[in-house]
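These come from TrEMBL:
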- 31, 32: FAD binding site (BINDING)
- 348: substrate binding site (BINDING)
- 11-465: domain 'Amine oxidase' (DOMAIN)
């Protein structure tokens with residue numbers, strides 16, 4: 001049997017192992033942490049109401065076909081997050097906006113985005129780009145807003161687009177390629193729906209927690225094929241048929257020799273591995289060293305009721321999704337569709353806002369962290385500007401997910417910085433001899449999503465199978 005080693009037991013590594021198993025090939029998975037799942041991390045214990053929150057990967061959209069196939073295969077139920085056509089709640093410059101107030105300027109921006117997309121082309125990678133694609137790739141999303149939106153960031157539309165782009169990709173717009181903004185928003189009706197990192201129309205999540213899926217996949221693999229607490233520290237390519245992986249474990253260093261190595265760990269952590277003897281190409285080394293990663297933090301607060309749906313000074317009705325230029329940034333009702341009596345509100349912060357919302361532990365709650373209690377108190381003060389009276393309904397329970405502080409992640413998800421589309425986009429997935437790559441950071445179409453990670457796991461496994 002071939003010797004195949006998969007590094008990382010997140011959704012990409014697990015789906016790759018499942019694909020290989022179905023083809024009759026054995027493999028072993030090596031995971032640095034003491035748990036499987038990677039960015040799929042569900043919390044079903046913290047909340048008095050019985051709600052479940054997702055520390056990282058949350059939404060499964062209608063076009064995430066592989067995720068839906070896996071959900072059906074393992075007999076899991078989903079919660080529909082389609083809230084119909086009710087509007088978002090917008091709050092900028094200390095006032096509420098109704099969506100219809102911004103409809104006309106957003107339509108003007110949408111027309112321009114569509115025109116630019118036609119000039120750029122449907123796909124931009126390091127191997128396929130137009131002159132317009134190159135030009136916009138070397139413009140930041142921030143500067144795009146300044147140049148193409150009337151009054152730039154001084155306008156509510158400019159601030160809304162900035163928050164949308166930062167929320168979706170995880171970095172400040174000054175660090176992002178303008179192509180992120182164009183590709184994300186050109187195909188959409190900007191005047192409707194959410195595009196800020198929250199749920200899209202027809203999206204869902206797994207009832208009881210998304211982590212159930214990775215647990216189900218792991219149970220379907222051969223017993224003893226997953227090794228936890230194996231942190232990769234070095235890679236050596238001996239020849240085109242032998243790779244040596246060195247791991248640090250609680251019992252000491254371990255060397256694994258294999259014919260194929262599949263690396264699914266994020267480049268943010270791979271750059272800490274000694275790969276000088278892996279014979280990676282210069283472009284691969286540059287991609288590993290420089291690929292951008294978002295700095296999203298998720299602060300959850302529990303309330304005894306979903307107060308935000310009541311009548312108040314805010315425009316009514318709305319769909320429980322709030323975008324604001326306050327530090328809160330983007331909020332949505334995590335408990336929606338879960339059938340619980342209380343309400344669980346998430347403050348989703350990205351870029352410099354997300355990087356500033358930290359705690360000593362990357363995943364902590366108000367039950368065990370003073371930093372989380374202080375963050376919750378600050379959040380409540382700002383929420384009073386948006387939803388006066390909400391503090392009286394706070395249960396005292398809060399939780400913070402700060403994946404940038406997780407040593408096994410060091411970021412929320414990948415994000416192409418200025419110039420990176422035409423520099424190395426699409427090359428992240430390219431194999432280097434017997435060393436293969438997978439993960440959401442290798443996906444061009446579904447970068448940042450569980451779907452992208454799962455699809456790349458299948459693709460990399462098929463790449464290995466072609467050699468046998």
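Note: Cβ is positioned from N, Cα and C throughout, glycine not excepted.
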Problem - Model confidence over the domain 'Amine oxidase' (11-465) (mean pLDDT, whole number) - result: 95
Fill in the blank from the handout: Note: in the chain of residue 32 (FAD binding site), residues six or more apart in sequence with C-beta under 8 angstroms of its C-beta are 8, 229, 230, 231, 232, 265, 269, 408
Practice task
Indicate whether residue 348 (substrate binding site) is helix, strand or coil by DSSP.
Solution key: strand
